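Copied over from Swiss-Prot:
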type: ACT_SITE; residues: Cys105; note: active site, proton donor
type: BINDING; residues: Pro18, Met19, Glu20, Lys143, Asn208, Gly209, Asp210, Gly232, Arg233; note: FMN binding site
Amino acid sequence: MKENFWSTLPRPFFILAPMEDVTDIVFRHVVSEAARPDVFFTEFTNTESYCHPEGIHSVRGRLTFSDDEQPMVAHIWGDKPEQFREMSIGLADMGFKGIDLNMGCPVANVAKKGKGSGLILRPETAAEIIQASKAGGLPVSVKTRLGYYDIDEWRDWLKHVFEQDIANLSIHLRTRKEMSKVDAHWELIEAIKTLRDEIAPNTLLTINGDIPDRQTGLELANKYGIDGIMIGRGIFHNPFAFEKEPREHSSKELLGLLRLHLSLFEKYDKDEARHFKSLRRFFKIYVRGIRGASELRHQLMNTQSIAEARELLDTFEARMDARSEV
């Protein structure tokens, strides 16, 4: 196996969770500017598309990264072991430092086809996928949930995953059925760690679910002795979630991150065409907590280009500056 970067990380380490249509190279660089985590994962990349002669072009943008993002982990999904084997070799050649297997996506058209969290119901296939993914020599990790239907599934399922000799297991502390509709089951962390210690003490344990920031993650790590913390939706409420010394951030700083996002979108659009509409989901992250925020968000949602968005920001910030001088 190539160098296992997981073994060199600080304890606890912090990861930005892979999120579909969110954690692309643009947003990862914005987060890095605000407060960098220890590890970045890509967006979800489908193994079948990657292995298809034509499909490879459709996933290229999902696998784009730069050297300053290392250690970079490719987050991939599917259900055919031979495709994971082929893709693992290709990802190693591309310079990724690790491969993370999606066994937790709850979306119906994924899970009900036996992929993502659907693999919880197909444990033997899950094991075959894990072993096949080691072909490229990269450390293999898994992101999953407590179970599919019921929380009581967690022990048998996680025991099975721990037995596969993986580098890291990230657990979203909910079942597939629960989606994100209930509080994450932090009460199970201690028992899960005990199981890990018994079955696979060399496998790192990362916790995910309802963790808003680094400080909360540190509290959980100190309380339970877990190795890593993964933050997902918390980044939407606070782009500075990974900040080591938290402080209040001004609206100017947030709008500055939005300007950076626009510039990076423009930069990487030259390499890989990106749809401007995909930017709209990010506006609410940066435009909030200030007078006129609702109106500005509404206006930004109706823009059709980077130039239009910048013009709106220029006008809005000029008004902000004028009010502050009164």
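Placed from the backbone N, Cα and C atoms, the Cβ positions cover glycine too.
Model, not experiment: these values are computed from the prediction.
Taking the features listed in Swiss-Prot, we show where each one sits on the structure.
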| residue | record | DSSP class |
| --- | --- | --- |
| Pro18 | FMN binding site | coil |
| Cys105 | active site, proton donor | coil |
| Asn208 | FMN binding site | strand |
| Arg233 | FMN binding site | coil |
Set of same-chain residues at least 6 away whose C-beta sits under 8 angstroms from Arg233 (FMN binding site): Ser180
Which listed residue (Glu20, Asn208, Asp210) has most other Cβ within 10 Å, given these are binding-site residues: Asn208
Recorded FMN site residues Pro18, Met19, Glu20, Lys143, Asn208, Gly209, Asp210, Gly232, Arg233, farthest C-alpha pair in Å: 18
Recorded positions listed as Pro18, Cys105, least Cβ neighbours within 10 Å: Cys105
Rounded inter-Cα distance in Å - Asp210 (FMN binding site), Cys105 (active site, proton donor): 16
Integer Å distance between the CA atoms belonging to the residue listed as 'active site, proton donor' and Glu20 (FMN binding site): 10
Spatial separation of Cys105 (active site, proton donor) from Pro18 (FMN binding site) - C-alpha basis, Å: 10
